[in-house]
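Feature list (source: Swiss-Prot):
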type    : residues                                       : note
BINDING : G152, G153, A154, G155, V156, G157, K158, S159 : ATP binding site
Amino acid sequence: MKKNTGTIISISGFVLKIEFNESELPEIGFALEYHTHQGTYLAEVVQHTGINTVSAIAIGEVSGLARGTEVVNLGHPIEVPVGETVQGRMLNVYGKAIDGKPEPAAEVKWPIFRDQPLLRELDTNKEILYTGIKVIDLICPILKGGKTGLFGGAGVGKSVLMQELINNISMLGGNSVFTGVGERVREGIGLYKELEASGVLPQTTVVLGQMNESPGVRMRVALTGLTIAEYLRDEEKKDVLLFIDNVFRFIQAGSEVSSLQGKIPITGGYQSTLSKEVGDFQDRIASTKNGSITSIQCVFLPADDIDDPSAVATFSHLDSTIVLERSIAALGIFPAVNPLQSFSRALNPTFVGERHYQLAAQVKFILQRYMELQEIINVLGMAELSDEDRKLVHRARKIRNFLSQPFYVSEKFTGTEGTFVEIEDLLGSIERILNGDYDERSERDFLFIGSYKDLK
């Protein structure tokens, strides 16, 4: 069969202008194959610029590319291998192996662009997925088949918390897909080795598009990981865990591509299609009657701004929002989750039960009141508080410290053994603190313990 080929007539950064025969223009979204001295790469058609010319974004390197280079229209969007052959493997945006092992057998390939599930196919039955992490299970529980966002600035512990969630939830069984979008190479390699050491790698696929790669790679690698998860849900009818680190880099890559195309940006320099791009991606992450996709996503906050357009565009799609705060990390409390800014749709009596709901509400009330009293304490000191308020402050600090926790993934750095706290032990500990059973204990006794059973 004759190949449909075109010729590159201009190169501007990662934007390629390509000339085809007038009757053979590739459709928007189709993949084009080109060669450089570094290897074979793909580009994606994003615009028809003339009667016989298209504009394409390079999903790969352009170093060594020249005008006159031939490109081949593959006649379909980027397709990646899915199914059992990619489990236990580390792949790039094309679904090619980057773990030093042979290429996965491409028995089944799916295009990375897919429609979201129909409304009648969605499964509305939800249950709680307990993580063993105290502050998450108490304040912002994760729904099985739901979407959870970890929001925070640089260096507050998002990736470590993500790795702990991967460790704890993967132990429960099932299939996992980890997608590294524009993150550091060492984080991907470190995660791969940890999964290998813990024995859960055979049920996990790692897909990486690193921060040194082109914006096209960083924009599309999230779809590669999602497509692999969708196949497990739809064809193998499995419950899947989808971890994405970092959604901000996905949005940022889209912004770079938009700028390369010469489109006018909106507030903050983001692309004008921000809401649609995020919506198209998030709407595909859904649970159907065949199986579920439980998604946990890191979202970087530029300058710690929770009102950044990238965060705002993501908020509305999430069931649980976990906000990490620098001021809590500065106190040496990890995970540095702010219980007052974090919330979950699952925190209601229907999902968690009346006891859990009431305890979480009391914890939030005490911590909120403590924040209000903090201004008085800073100016006048504890002596100016009433006896009741002093008691509340001490209990609030005990709760704040108690919500810290040693992690399994950081054992080798801290020398402290990680803990998985069962929900009954967690609720029992909170009840005892709220009831005043430990009013005589030092606040420091509650730092980095599991439950009340660890108090000596």
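Note: Cβ is positioned from N, Cα and C throughout, glycine not excepted.
Cβ atoms within 8 Å of the centroid of the Cβ atoms of G152, G153, A154, G155, V156, G157, K158, S159 (the ATP site) belong to the same-chain residues F300, L324, A329, A336, site residues excluded.
For the binding-site residues given as G152, G157, the lowest number of other CB atoms within 10 Å of the residue's CB is seen at G157.
Per-site Cβ counts within 10 Å over the binding-site residues A154, V156 peak at V156.
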